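TrEMBL has this to say about the protein:
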TRANSMEM  21-47  transmembrane segment
TRANSMEM  67-87  transmembrane segment
TRANSMEM  107-128  transmembrane segment
TRANSMEM  140-158  transmembrane segment
DOMAIN    148-239  domain 'CAAX prenyl protease 2/Lysostaphin resistance protein A-like'
TRANSMEM  170-195  transmembrane segment
TRANSMEM  201-222  transmembrane segment
TRANSMEM  279-298  transmembrane segment
Amino acid sequence: MFLSKENLFDKAKESKYLPNFILALLLAWLFMSIGMRLGVFVGPIIYKPISSLISNLSLNFNLIQSIVLNISLTLSVILLIFLWVRFVEKRKFSSIGFDSNNFILKYILGFIIGILMMSATVALLYFFGLITIENNASHIIGNFVLSSILLAIPAWMIQSAMEEILVRGWLMNVLGAKYTPIIGLVVSAVFFGLIHLENPGISFVAILNIILVGLFLGLCVIKTNNLWVVCGIHAAWNFSQGNIYEFEVSGSKSVAGSIFNFKLRGSELMSGGTFGPEAGLCATIVLLICTIIIALILKNKNTSID
């Protein structure tokens, strides 16, 4: 597996303090738990002043409220990680994977990859007869939903960035620096799966797929040496799943509507059921192929991770 001369594990080693295995996992959980509780408190404070503006502009009240809450939750988590990295580890926040070199192009590349991955999953679902196109949509679809989707995209971007910062940018690299990169990769992927345990419609296959996603995204970070690409992949995977194809995203329905109105049917083992396609074996196939491809790319560099 390939590590560049200047990699994120080495940057993490420059920290004044690296927590041990148990403390790192505890801190990651606390960042998320405390940050989200803080966000629940801050969200209504932010939302109240703009509520009148929403009424004047005739915007979707529930959508804006959901987006503001989502952004406040995720930004609060990011803030806690920033404070820890900057003032406890005493290193630049950019060292977790936010270099400024061509970052827009890297994000766009990741976004394209994420849409292609979800579209490949949808193609498999269609091939196996596991989706139908509904005409009686429960909420707005098609061209009329574009304004809502444009509002939802920043929320997906920030939410996905929060998880990537927490799991790949901080936890994986800290454990990789403290112990070995392999430990950082595997433990962070398992942690990524476990933090979704309370999601609606969770299943054994869903957890396995999320862990597999964690391995894939972790390998992408190791290959690209930044978080921009995986932030794009993660955001596009969720966005296309919920707002292009109208599936549940990790068990939750997007309030922003969708371009198409696909519904899952048949075997939940294959389709994912109420959790969404990422809990089905069709997604497993796509994720396995993508993970194998990135692993082979790294292996062909003929450099091993210690």
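Quick reminder: no glycine exception, Cβ is built from N, Cα and C everywhere.
Listed by sequence, the residues of this chain that lie at least six past the ends of the transmembrane segment (279-298) yet keep a Cβ under 8 A from its Cβ atoms are 1-2, 117, 120-121, 124-125, 128, 130, 201-203, 205-206, 208-209, 212-213, 215-216, 219-220, 222-223, 264, 268-273. Here the transmembrane segment (21-47) has long-range neighbours at 64-65, 68-69, 72-81, 84, 166-167, 170-171, 174-175, 178-179, 183, 187, 191, 195, meaning same-chain residues at least 6 beyond its ends whose C-beta is under 8 angstroms from one of its own. According to DSSP, the secondary structure content of the domain 'CAAX prenyl protease 2/Lysostaphin resistance protein A-like' (148-239) in residues is 78 helix, 0 strand, 14 coil.
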